[in-house]
Amino acid sequence: MPAIVLIGAQWGDEGKGKATDLLGEQLQWVVRYQGGNNAGHTVVLPNGDKFALHLIPSGILTPAVNNVIGNGVVVDPGVLLTELAGLEERGVDTSRLLLSADAHLIMPYHVAIDKVTERFLGAKKIGTTGRGIGPCYQDKIARVGVRAADVLDEKILTQKVEAALEFKNQVLVKIYNRKALDPQQVVEEVLTQAEGFKHRISDTRLELNLALERGETVLLEGSQGTLLDVDHGTYPYVTSSNPTSGGAAVGSGIGPTKITTVLGILKAYTTRVGSGPFPTELFDDHGAYLAKQGGEVGVTTGRARRTGWFDAVIARYATRVNGITDYFLTKLDVLSSLDTVPICVAYEVDGVRHDEMPMSQSDIHHAKPIYEEMPGWWEDISEARTFEELPQNAQNYVLRLEELSGAFISCIGVGPGRDETIVRREIVR
């Protein structure tokens, strides 16, 4: 059976949790392959229960599904324990969660440096979540990071923390005028936390490849979105990892030839959290309408999301860089009750039309959207379960997005619930 990659095709917050939940009963494994608790997935179960997940894969809410936090994820031990406790308090079985031995741990000094750096930068800040994600990835690349397996050997953990703080305390004290951290206190804190998760540490690469050999289906669940990718996103306003499909193989330990489907998640309009370019951003009543109807508040940060019309330029770009085979279009219902629904089909930069993503950072910042107006619809579409049950104008809108994006729209979300979905083509096939 296949490995399926699920990725956000915009700037994150597209509705990836809903897609994972819908596929849940057809899956045996769900894997987070990058990012950390700087992103969130919201899942609404058929009984109306709502769960916000930050580190743990969305498959944890489906009985009998095995879940993996992969080697490409950076893990805050305290956040992991808090999230596990919250799920268990609500009756969720968390026994099927494994943590890669090679996943890097977010240490207290990562969070301290992240927060103080953003304050220091002021108006020039990137807009991070302040959760230590970037500094942890910096240590990973610099080969001085702490991995999950290190908590199983106190001597190694102590050596790594002491070496890290020898430099980082200089930064905190001499550059940012903050207090130094005590290495032994950091070690003791992490070892105490490790008591709650060390039994989950595993060679997850081996587990996943054995699962594929047995014919089981594995979903590789990305966080954030294509335009936040450190290589392919709107740099420097990006995250510190690779949410794109290429990062799925690296962050899970599954070979790329095992991947048969790349499912992109597209919101029927566009949103973004934090700083950075956003060509279709709205500052009028339409923007306020989308924000209100769509409940556009960040799951992790609580920050209001910026809103705009659908951007086909970035959708085409996402299709290309990810090799997307199928799209799941979410929140189509939010667009009900609009007379017209504009679609950005190209950009204008300094009087020149760009049908594809501009190459330079300056051009994307100065891009002006070129819109195509589509007739809207006023009907409530939340009860539609087949494509033909949608109003004709809604059907036309979906088909136009499909044409502009360059990949088949296999599923359409018409509400937040698992069952509020139209399936035009099965994803697991």
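A Cβ is built for glycine as well, from the same backbone N, Cα and C atoms used for every other residue.
Asp13 (active site, proton acceptor) falls outside any helix or strand according to DSSP and counts as coil. Around Asp13 (active site, proton acceptor), taking its Cβ as the centre, 27 other Cβ atoms fall within 10 Å, counting all chains. Swiss-Prot lists Asp13 with the feature active site, proton acceptor.
Here the Cβ of His41 (active site, proton donor) has 26 other Cβ atoms within 10 Å, regardless of which shown protein chain they belong to. Feature annotation from Swiss-Prot assigns active site, proton donor to His41; the stated evidence is sequence analysis.
A simple way to gauge crowding: the CB of Leu332 (GTP binding site) has 25 other CB atoms within 10 angstroms, across all the protein chains here. Annotation source Swiss-Prot lists GTP binding site at 12-18, 40-42, Arg305, 331-333, 413-415.
If you look up Swiss-Prot, you'll see Asp13, Gly40 marked as Mg(2+) binding site, on the strength of sequence analysis.
Annotated IMP binding site per Swiss-Prot: Asp13, Glu14, Gly15, Lys16, Asn38, Ala39, Gly40, His41, Thr129, Arg143, Gln224, Thr239, Arg303, in sequence order, evidence recorded as sequence analysis. The DSSP secondary structure for His41 (active site, proton donor) is strand.
For Gly302 (substrate binding site), applying a Cβ distance below 8 Å and a minimum sequence separation of six or more within one chain yields no residues. Under the three-state DSSP scheme, Gly302 (substrate binding site) falls in the coil class. Under the heading substrate binding site, Swiss-Prot lists Val299, Thr300, Thr301, Gly302, Arg303, Ala304, Arg305.
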Here the Cα-Cα span from Arg305 (substrate binding site) to Lys18 (GTP binding site), rounded to a whole number of angstrom, reaches 18
Those binding-site residues listed as Gly12, Gly15, Gly40, and which of them has the most Cβ atoms within 10 Å of its own Cβ: Gly12
Judged by other C-beta atoms within 10 Å of its C-beta, the most isolated of the binding-site residues Lys18, Arg303, Arg305 is Arg303
Quick check for the class: what is the C-alpha distance, in angstrom and rounded, between Gln224 (IMP binding site) and Gly12 (GTP binding site)? 4
Rounded inter-Cα distance in Å - Val414 (GTP binding site), Asp13 (active site, proton acceptor): 16
Closest of Asn38, Gly40, His41, Arg303, Ala304 to Lys18 (GTP binding site), Cα positions, recorded positions only: His41
Which residue, of the binding-site residues Asn38, Thr42, Gln224, has its CB surrounded by the fewest other CB atoms within 10 A? Thr42
